[in-house]
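Worksheet: one structure, shown below.
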Amino acid sequence: MALCCSLSNEVPEHPVVSPVSGSVFERRLIEKYIADNGVDPINGKEITVDQLIEIKTPPIVKPKVPSATSIPAVLKSLQDEWDAVMLNSFTLRQQLQTARQELSHALYQHDAACRVIARLHKEVSTAREALATLKPQTGYAVVTTPSVATSAEAGGVAAQPIEAAGLTPEIISQLQDKATVLTQERKRRGKTMPEGLATAEAVKGYKTLASHPALHSASMPGILTMDVHSADTSHILTGGNDRCAVVFNKDTEQVVAVLKGHTKKVTKALYHPEEEVAITASPDATIRVWNITGSSQSAIIRAHDGPVTGLSLHATGEYVLSTSQDQHWAFSDIRVGRLLTKVADTDGNPLTTAQFHPDGLIFGTGTHDSQIKIWDLKEQSNVANFPGHSGPIAALSFSENGYYLATAAEDSCVKLWDLRKLKNFKTIQLDEGYEVKDLCFDQSGTYLAVAGTDVRVYLCKQWETLKTFNDHTALATGVRFGNHAQSIASVSMDRTLKIYGVE
């Protein structure tokens, strides 16, 4: 039986056998392989040249060594090259197999690492949520509903509204006096810009200064409304799907208070301009007044028998206007939590939003059938209507100059109305499918911010876009200016509060 080399697959001239693998090799080939690698080429185990066992075979009679120019010499050279190619090919096959195994192991480790990172990220999010909403820090108050809550509220249904007390002559006189003072102050200011107001060029350069996630629960994600304390714009109030309102200090980056009590999501929230008082509204048909400093709920106003959709604080800081799907608007005293007057919409349509004029004697409401209505508070009558939108009115905002009203609905545009001429003088057409959720003029009436698919800032009178912020990962639901428009805050369904300004 002829022997065959395991490397060259040819009959060896000097056969040897490896005691490690039991394979037969040509001595010159296996010695060269061992010198290079130090292992058996078949099973990869270590071996030395001294361990090779020579096999005794009958001697092969070799022909005389031919000259270099002879055909046998050429064949010998070819044979040597063939041996080298075979040895190299065998080595490459082994290296390929090793690389495949290493790649497979690396991919397995990468997949396992990704799973661990995902799990750790989830645990960190849960821990942050617990820290922000369940484990109060020093100076961090959790305000909860008093024990006087009725069993009907516990089931998510508010009690029937109390009887209206009416607008007394004293209240009407208070409203008129405040409006007179505000009108005189506006005339005194004239057209002069307030000192320290951010310029249009500065607004164009605004960047994202901070992003605060996890203010609300991750189990019911989404921030639906916001407001900023006028006296201390570092304090921001937010309301979310988790049925809580949160007071946050953007300077210290600390939660000041969590207001718990509503049985459904918080859709509207107001921060009293001069006091540490918050007012919130919800589809649970209640309006709740909170004393943040004292960590207490000071009043529950049951003015409606349907979801509350709009909320606006009067300039006196004593009264709140609300609208509801029950087709009524209501005017209530926040100090004693009492309904003063309640008026039905003239056309019997559900109301979607409300906003006081800066002077406080008139206000606007939006309806489900795309109407904007202007009301006289003292007469409790509808004095003007602004048609033109399509779809439910989503937001409206009066300018501090007292002349302009900005409105938005589900028609991807913002309309500007002149209250002196009672007509639409400008329509800002947005991108097709753009959703508007909130509008806000700054305190000087110089800028208008729009929140929805993104956050945009417009320069009033020219109505040009100064800046667009696209860093929310979900629909923006609220936007407010800081003092002198030096900063802008916005909230979104992605559970984040973002602060914009000059770096």
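In case you wondered, yes, glycine gets a Cβ from its N, Cα and C as well.
Features of the protein shown, as given by TrEMBL:
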| type | residues | note |
| --- | --- | --- |
| DOMAIN | 1-73 | domain 'U-box' |
| REPEAT | 259-300 | repeat 'WD' |
| REPEAT | 344-385 | repeat 'WD' |
| REPEAT | 386-427 | repeat 'WD' |
| REPEAT | 469-503 | repeat 'WD' |
Original post:
Near the repeat 'WD' (386-427), which same-chain residues lie under 8 Å Cβ to Cβ, leaving out any that are not at least 6 residues past its ends?
Top reply: 183, 186, 352-353, 355-359, 364, 366-374, 433-445, 448, 450, 452, 460, 463
**OP:** Give, as a single whole number between 0 and 100, the mean pLDDT over the repeat 'WD' (344-385).
**Re:** 92
Original post:
Per DSSP, what is the residue count of the repeat 'WD' (259-300) in each of helix, strand and coil?
Top reply: 0 helix, 21 strand, 21 coil
Original post:
Counting by DSSP, what is the helix, strand and coil composition of the repeat 'WD' (469-503)?
Top reply: 3 helix, 18 strand, 14 coil
